[in-house]
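Asks: Residues or ranges marked as compositional bias 'Low complexity' in TrEMBL: 8-17. What TrEMBL records for 90-283 is domain 'ABC transmembrane type-1'. Residues or ranges marked as region 'Disordered' by TrEMBL: 1-36. According to TrEMBL, the transmembrane segment annotation covers 41-62, 101-120, 132-152, 158-177, 213-235, 258-279.
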Amino acid sequence: MSRDSMSRDSMSTSTAANSIMTPRGGAGTSRKRQWSPRTESTLRVVAPITLGLIVLGMWQLLVTVGGVSDYLLPSPASIVGELVEFWPAVVSATILTGTNALLGLIVGSLLGIVLSAIAARWHIADQMSAPIIAALAVVPIVALAPVLNSMFGADSQFGRQAIAAIASFVPIFINTLRGFRQTRPVHRDLMRAYAANSGQLLRWLTLPTARPFILTGIRIASSLAVISALVAEYFGGPRGGLGSLIATSAASSAYARAWAYVAASIALGLLFYLGTLALERLVLRRVPTGGSS
């Protein structure tokens with residue numbers, strides 16, 4: 001047999017093998033099912049709600065059929081009953097905790113943006129602030145809350161607001177500083193070539209470039225502000241607020257009522273997160289980001 005015929009036979013054999021091994025409908029690549037945008041939006045809303053209802057149903061079934069006592073795990077039905085019965089107290093406590101968290105988030109955001117702008121502008125300020133930021137990032141809120149509550153008095157909400165501001169400050173500062181450093185030197189040089197001063201650079205170049213990072217920091221800090229306000233309320237200070245009501249209910253063995261306040265705390269945290277997420281999408285959709293090529 002000649003060399004050419006052997007080559008043709010081997011080529012035909014490999015072609016046949018490839019045709020057998022290759023699945024129909026593509027060259028060995030799996031097709032990913034594509035959903036329409038409307039279907040994806042619907043699934044994004046319906047899927048977590050369905051999962052939550054399944055979890056609640058299994059929870060209720062576990063307590064009812066399994067005979068778990070309310071001391072260990074109250075049933076969802078009893079928690080809903082406590083929510084309905086103490087609804088005015090839940091609403092007023094949620095408003096108080098939300099106010100403390102919101103004020104702390106606003107103050108922490110303003111301080112984080114201003115101080116990160118200073119750190120981005122002057123290298124010595126960046127070096128000086130690094131150990132302070134590292135220390136604030138690991139401050140135990142559980143230990144700090146009683147100290148600030150006793151410092152500012154038993155009737156003042158300032159200690160709780162200060163704790164929420166400290167917790168919000170760190171992620172906003174870090175994300176904003178990272179955003180300020182995204183400005184490209186060529187864009188900065190171009191602005192200076194047009195005789196732009198430092199204020200114009202900050203307004204028209206640095207801030208627009210850092211805007212996505214700022215909004216991400218605020219979104220992360222929103223949940224931390226709520227958690228910190230709850231922890232500060234739990235460990236002393238004036239009565240009122242979800243944290244103190246959780247502690248009072250648990251101390252009096254009203255565990256279903258304590259879980260009702262916990263559910264209100266979860267709803268408050270989700271409200272803060274969804275609010276900042278909507279703000280982020282709205283701003284980024286309407287305002288173009290600077291510094292992009």
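Residue numbering: from 1, along the chain as shown.
Heads up, the Cβ atoms here are built off N, Cα and C, so glycines get one too.
Small disclaimer: the values here were computed from a predicted structure and weren't measured.
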Asks: What same-chain residues lie close to the transmembrane segment (158-177): Cβ under 8 Å, and 6 or more beyond its ends?
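Replies: Result: 100-101, 103-105, 107-109, 111-113, 115-117, 119-120, 126, 133, 136-137, 139, 141, 144-145, 148-149, 151-152, 210, 213-214, 216-218, 220-222, 224-229, 231-233, 237, 241.
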Asks: Against which stretches of its own chain does the transmembrane segment (41-62) lie, if we need a Cβ under 8 Å and a gap of at least six residues from its ends?
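Replies: For the transmembrane segment (41-62), the sequence-distant neighbours (Cβ-Cβ under 8 Å, at least 6 residues beyond its ends) are 35, 68, 73, 75-77.
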Asks: Taking 132-152, 213-235, 258-279 as candidates, which has the most Cβ pairs under 8 Å with the transmembrane segment (101-120)?
Replies: 213-235
Asks: Apart from its near flanks, which chain residues at least 6 from the ends of the transmembrane segment (213-235) lie with a Cβ under 8 angstroms of it?
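Replies: Tertiary neighbours of the transmembrane segment (213-235) are 97-98, 100-102, 104-105, 108-109, 112-113, 141-142, 145-146, 148-149, 159-161, 163-176, 178-179, 182, 241-244, 246-247, 265, 268-269, 272-273, 275-277, 279-280, 283-284.
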